[in-house]
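> According to TrEMBL, the protein has these features:
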type: ACT_SITE; residues: ASP111; note: active site, proton acceptor
type: BINDING; residues: ASP6, ILE7, GLY8, ASN9, THR10, HIS11, ILE12, VAL13, THR135; note: ATP binding site
type: BINDING; residues: GLY109, ALA110, ASP111, ARG112, THR186; note: substrate binding site
type: BINDING; residues: ASP132; note: K(+) binding site
Amino acid sequence: MILGFDIGNTHIVPIFYDMKGNILATFRIPTHLEFTEDTLFIMLKEFAKNSNLEILNIENIIVSSVVPNINENFSRLGKKYFDINPVFVNLDNVENKIKILPNMERGLGADRIVDILAAKNLHPEKELLIIDFGTATTFDMIKNSTYMGGCILPGITLSINALFNNTAILPKIEFTEPETVLGINTVSQINTGIFYGNVGAIKELILQYKKSFPNAYVIATGGQGRKISEYIEEIDEYVAKLGETGIFEFYKLTINN
Ligand SMILES: Nc1ncnc2c1ncn2[C@@H]1O[C@H](COP(=O)(O)OP(=O)(O)O)[C@@H](O)[C@H]1O
Ligand SMILES: CC(C)(COP(=O)(O)O)[C@@H](O)C(=O)NCCC(=O)O
Ligand SMILES: [K+]
């Protein structure tokens, strides 16, 4: 088995793969900097047990992290419990798959790197616009294996939390499909505002990218993107486990050959 970790700003997702890259099980834990290698191992052991997986069969560990402060604990986890040095997703190992423009910084988040690897695998010949709805919503434009650029905006839950945290009495709401734009209470008004506000923002951004890349094939991913994608006809496809697939792709490209 291969063990992957998708470390985002809100959640850490451990992923168990068989050696062909089939996903056997995934779990979701909150991103807490306080998790030590020992806490992480105990959680992993329980998850594995629950899915009837033998944790000692892990041959390699791949970590996609956008939270650098926690990385060291994953290195310790690998060394202490599996005698493995985990490999961290970065651009250096996949330079022929994702070329960057000469004037561009190399700071592209690991989550975006694995999204790109997976999307390129699904549609090798297409120009791709990838939208990932996570803590932040990110756009990434790929043409001829080259990263053309992208953008970042606050994610949906982040926007909901911002209203809650920066006002005296606005509540924290659960994001749902709105029934009407004529909200009759605070909760439905916030929900409607965030929902259609995001639908509109995403549509406009896609339009802007399509001005330069009219043939761009638009792929959305990220838990919060599923519902909203149905309202955005410019999105060609929603892929639930894009990042998870990309982490295994990174493994194949770096370790397996
Ligand atoms: N399947 C889902 N349905 C609804 N909300 C989700 C889903 N998955 C994640 N979220 C919410 O989206 C926000 C971002 O979480 P996540 O996608 O895990 O972000 P990250 O990858 O940045 O850690 C969180 O508030 C989380 O509760
Ligand atoms: C943009 C992000 C915060 C998104 O993170 P996420 O929503 O997955 O938690 C992350 O990809 C990141 O920190 N990137 C580094 C900067 C960059 O990608 O340009
Ligand atoms: K994201």
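Positions of Cβ are set from backbone N, Cα and C atoms, glycine also.
Describe the structural surroundings of these features, if you would.
ASP111 (active site, proton acceptor) falls within a helix when secondary structure is assigned with DSSP.
DSSP classifies ASP6 (ATP binding site) as strand under the three-state reduction. Spatially close to ASP6 (ATP binding site) yet at least six residues away along the chain are ILE12, VAL13, ILE15, SER64, ASP111, VAL114, GLY243, GLU244, ILE247, judged by Cβ distances under 8 angstroms.
In sequence order, ASP111, ARG112, ASP115, THR138, ASP140, ALA220, THR221, GLY222, GLY225, LEU242, GLY243 are the residues near ASP132 (K(+) binding site), counting only same-chain partners six or more apart with C-beta under 8 A.
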> Of the binding-site residues GLY8, THR10, THR135, which sits closest to GLY109 (substrate binding site) by Cα distance?
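Looking at Cα distances from GLY109 (substrate binding site), the smallest one goes to GLY8.
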> Between the binding-site residues ILE12, ALA110, where is the Cβ count within 10 Å the lowest?
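If we count Cβ atoms within 10 Å for the binding-site residues ILE12, ALA110, the smallest count is at ILE12.
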> Counting other Cβ atoms within 10 Å, pick out the least crowded of the binding-site residues GLY8, THR10, GLY109, ARG112.
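Comparing Cβ neighbours within 10 Å for the binding-site residues GLY8, THR10, GLY109, ARG112, THR10 has the fewest.
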> Take the C-alpha atoms of ALA110 (substrate binding site) and THR10 (ATP binding site) and report the distance between them in angstrom, rounded.
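ALA110 (substrate binding site) to THR10 (ATP binding site), Cα-Cα distance: 15 Å.
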> Using a 6 Å cut-off on Cβ distance, which of the binding-site residues GLY8, ILE12, THR135 come close to any atom of ligand 1?
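Going through GLY8, ILE12, THR135 in sequence order, those close to ligand 1 turn out to be GLY8, THR135.
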> For THR135 (ATP binding site), which DSSP three-state class applies?
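Where THR135 (ATP binding site) sits, the three-state DSSP reduction gives coil.
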